[in-house]
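The block underneath contains the structure these notes are about, expressed in structure tokens.
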Amino acid sequence: MEIKRVGSQASGKGPADWFTGTVRIDPLFQAPDPALVAGASVTFEPGARTAWHTHPLGQTLIVTAGCGWAQREGGAVEEIHPGDVVWFSPGEKHWHGAAPTTAMTHLAIQERLDGKAVDWMEHVTDEQYRR
């Protein structure tokens, strides 16, 4: 058994290459080999969001606070709230973040394939975000 204590892993700022706006990433766990799963708590300030991206084995989001938006390529922007669970299929291009006037926090859980859990793409434009 291994216990990760709260605060044992430093918070980090979401890199500008992958995020628009102010985003804080609090790593929660990365299971040791041979397990592939990792998780983090991610907080988006109002209007902050990820760039478009995919996950080779999919991603689960569990909204814990605030109000957010999520969109898959070709789909509508969906509003998400605490308690909502969002699943993105492997390879599904998507983004997620806070609503324009409200912060949002979610748990993000994904698995690694050949050591990689995410493929980052272009930023979500303001026009795409405001749809």
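In case you wondered, yes, glycine gets a Cβ from its N, Cα and C as well.
Feature annotation from Swiss-Prot assigns Mn(2+) binding site to His53, His55, Gln59, His94, His96; the stated evidence is experimental evidence. For His94 (Mn(2+) binding site), the Cβ neighbour count at a 10 Å cut-off comes to 21, with all displayed protein chains included.
What Swiss-Prot records for 42-104 is domain 'Cupin type-2', and it gives sequence analysis as the kind of evidence.
The DSSP breakdown of the domain 'Cupin type-2' (42-104) into helical (H, G, I), extended (E, B) and coil residues amounts to 0 helix, 35 strand, 28 coil.
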